[in-house]
Amino acid sequence: MAKISVAAAALLVLMALGHATAFRATVTTTVVEEENQEECREQMQRQQMLSHCRMYMRQQMEESPYQTMPRRGMEPHMSECCEQLEGMDESCRCEGLRMMMMRMQQEEMQPRGEQMRRMMRLAENIPSRCNLSPMRCPMGGSIAGF
C-alpha cells in the first residue's frame, strides 16, 4: 500500500512539473509574440503604415474585378508598396499587411461579404507581386468581420 502511495505522489509531482513547464512555455511564447508585434508596429511606423500599399488597395477596390488592364498611375503605388514592404523584416511583412487591412477596414472602408474577400485576396498576394518572402500572407480569421 505504501508503494502505491509513493508512486501516486511521484506521479502527482511529475504532473505538477509538467503543468508548470507548459505554463512557462505559454507565458514565454506570449511574451515573445508581444515583443514581435511591438517590433512589427515600429517597422510599420517607419514604413509610413504601408501608405502606398493602402493606396494600391484602394485603387484596386475601386476598379471592376473583371478589368484586365491596370489603370494608369496604379503601378507607382505598387512599386512604392513593394519598397515599403522590402524595408520591413520578413517576419513582420504579413503582420504589417494584417495591420494595414484592419486599419483600412476600421478607418476608411466598411467592406462586407464579397468585397471583403476580394480585399483579403489582394492583400494576401501583395508579397508575391513584389517578389518578396513570404510569397503569400494568409489573412484568414485575423481580420475582424470576416
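Indices start at 1 and increase along the chain as displayed.
Cβ from N, Cα, C; glycine included.
Database features (Swiss-Prot):
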| type | residues | note |
| --- | --- | --- |
| DISULFID | Cys82-Cys130 | disulfide bond |
| DISULFID | Cys94-Cys137 | disulfide bond |
| MOD_RES | Gln37 | pyrrolidone carboxylic acid |
| SIGNAL | 1-22 | signal peptide |
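Of all the Cβ atoms in the protein chains shown, 22 others lie within 10 Å of the Cβ of Cys94 (disulfide bond). Other Cβ atoms within 10 Å of the Cβ of Gln37 (pyrrolidone carboxylic acid), summed over all protein chains shown, number 13. When secondary structure is read from DSSP and collapsed to three states, Cys130 (disulfide bond) falls in the coil class.
In the structure shown, the C-beta of Cys137 has more C-beta neighbours within 10 angstroms than that of any other entry among the disulfide-bonded residues Cys82, Cys130, Cys137.
Rounded to a whole number, the distance between the Cα atoms of Gln37 (pyrrolidone carboxylic acid) and Cys137 (disulfide bond) is 16 Å. Taking the Cα of Gln37 (pyrrolidone carboxylic acid) as the reference point, the closest of the disulfide-bonded residues Cys82, Cys94, Cys130 is Cys94. According to DSSP, Cys137 (disulfide bond) sits in a coil region rather than a helix or strand.
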